[in-house]
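First comes the structure, then the notes that go with it.
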Amino acid sequence: MESEQLFSRSYYRNSYNSITSASSDEELLDGAGVIMDFHTTEDDNLLDGDASPGSNYAMSNGGGVVSSSTHLLDLLEEPIPGVGTYDDFHTIDWVREKCKDRERHRKINSKKKESAWEFTKSLYDAWSGWLVVTLTGLASGALAGVIDIAADWMNDLKEGVCLSAMWFNHEQCCWGSNETTFAERDKCPQWNSWAELILGQAEGPGSYIMNYFMYTFWALSFAFLAVCLVKVFAPYACGSGIPEIKTILSGFIIRGYLGKWTLMIKTITLVLAVASGLSLGKEGPLVHVACCCGNIFSYLFPKYSKNEAKKREVLSAASAAGVSVAFGAPIGGVLFSLEEVSYYFPLKTLWRSFFAALVAAFVLRSINPFGNSRLVLFYVEYHTPWYLFELVPFILLGVFGGLWGAFFIRANIAWCRRRKSTRFGKYPVLEVITVAAITAIVAFPNPYTRQNTSELIKELFTDCGPLESSQLCQYRSQMNGTRAYSDVSSQPSTPGVYSAMWQLCLALIFKIVMTIFTFGLKVPSGLFIPSMAIGAIAGRIVGIAVEQLAYYHHDWFLFKEWCEVGADCITPGLYAMVGAAACLGGVTRMTVSLVVIVFELTGGLEYIVPLMAAVMTSKWVGDAFGREGIYEAHIRLNGYPFLDAKEEFTHTTLAREVMRPRRSDPPLAVLTQDDLTVEELQTIISETSYNGFPVIVSKESQRLVGFALRRDITIAIENARRKQEGIMLNSRVYFTQHAPTLPADSPRPLKLRSILDMSPFTVTDHTPMEIVVDIFRKLGLRQCLVTHNGIVLGIITKKNILEHLEELKERVEPLASPWYYYKKRHPPSHGPDGKPRPRVHNVQLIPSFSTHARVEEESEEEVRLLDNSSS
């Protein structure tokens, strides 16, 4: 019954040292073990220190009531080490954590009227949530500003250096120069290319080759330094971080993923990775950086440091702050946290997320990293309205975004799976260097791939005007000239437009190919900016085409009604923005939050309808090929225990068909409430690796009493041996209120009722699996017991749920007819052979409906319980 464990882990008898966690990210991705930590002291005492009949304690998990004359936390003077804590690859108990928080809150409220000090402590506890999100917002905004400034400077370092001030990037270096021209505003005497510094010449083949070589050299140096820092100091700093953040927010524990080392290395290597020119962005990793800040600051407040469920409220607010500083979109950040990453999002978390995003945006605006008084580099404003006929190209861009998203998800997952299954994945440094070298060599000749991706998006978003000198706007001098429209036929577009279109097409192909191989490298790599760049390139190409079509064919009925002669009715930059949103939506399957983020980038309300049309079309087209976004696909690839609440399945199975044990599994390990000795209990624990055991009345009755966790039992036994006299190997262990009748010469019994969960979640064997899955999703359960008339039949864990959903994906079951459900929930008393079905303790059992062969081979099933006398 290996599935009963909440993910198998090792058990060391008479030892409470935690098992060493995975030391590399590959071990993280491939690991599925649960490791318990018995060092910290952060939960309720689970041992009744006095076994006398006067003691009356009962702890409830799963919504029950704690009935005791004395609070559970006051049972002992010192808390038992290790109780209620978790270690790597362990799922938290949401119900238990919420019960702990309610008990803590009741205790504070009961004491706050006793003295002024207790009242002050209650105020501190009430305001600690706002303090921690304030600190998180301040740190996130400050780090985002530092990353933006450093990345811009190091990106320009690949092309040259500012002699007057080494810490200035290219744009800042030429701000104070009086020798720049309108056509060549980026050239000034203070800025020198590497060819000018080394060869002393700015033009010619030798200068081009030298700049080419230095560009590639710096790109490889930055990429090599980034991957080495990640590999040596913080393996968890690689990747986007959003798949892991989603998994952590769903209740999974990954120790070190949000630690201080990960924060420091991720901040440094993110700058290096962006500056290397790889097809990646910093927006996704900024969410990881912000969550690291939230996790670190939460340890300053016991309210969050000692409760994993409360800590996840802070992480939800931190993710909103991360998106706020990434795109300059505070409201979009809150919606992103709600729609995309958060698993549990109460109303107070919504307020604190909004406040954290506000503080982070305010700090970043105060730093002003781009020198344009904006939070992002590519902030734009459009003044030309859109027209109804433009919905057709907008929807076509949505179709392109959905197709691109579906293609990218499949191609990237296939490549990442190949990386994990071949020797190539064992050399992450070589892989990063190879991809960086190909990227730099291919990108340098094309000006649209050579520049920073954020600058490329800015150029594509920007509308052409009299102050724009971009090659994309050269045709404007013809169209806005003094010639009449009648002379259009003799006025062809300038060669700059054709050259820019060809370069954009090549850049589109280059970005599509390199993004597939870049996302997933062992460096910090975000996906927002590359996806937006691909969509912006496609959108700009479509926008220029539609604009030229409207110019040369202004008498068509489509353009004649809306476009006046001599007026600019098409905005190519708007098409770039719509395309960027469509492609990002196709990859991530975001909808509401994406539209709000892009809306906050433009600052215009009238463009929401084109954005909504493109984003929804992108989602519909992408969902036609698969409902998973890129983050959900990576979660499934890495094997994280994540139940996606947005995913829908057609379940035609019952709980008894998914529960463990099966016929090929070991018997269901159970504990009797008053028949075991300490030695027998330790034997059961040492010979099994399950994380918990159902407690029944007796082997004859088999009726459920409660559920006891493995770690609580081991800690309670060791603590009793230290603090209670007379506890021996043959001491009777009982989970009842009163001790059983024992011979006079028997050693002192051990009462473990206080660690027993008297109200475990249970379902009957005929419960449909769609209901069971909803219970696991909405309550965050780790296990659920399956019973029939109070008799324990088996157990369903989160791992069983995930395995069941994978089986349903592999064999897509057709929607069954209603009679099939009735037949499965109410099986007939006789089988197809005419013989009565077997009964065990008045429980009628039928074979599984999964395969026909199994029906023929397995004529009967039985409920098997562990024979404690033989253990």
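In case you wondered, yes, glycine gets a Cβ from its N, Cα and C as well.
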Feature transmembrane segment in TrEMBL, mapped to one of the ranges 357-378, 533-554: 533-554
CB contact flag for the transmembrane segment (314-338) and the transmembrane segment (574-599), at least three pairs under 8 A: yes
Leading contact stretch, 257-278, 387-409, 500-521, 533-554, 574-599 vs the transmembrane segment (429-448) - CB distance under 8 Å: 500-521
Seg_contact(the transmembrane segment (387-409), the transmembrane segment (574-599)) with at least 3 CB pairs under 8 angstroms, min sep 6: yes
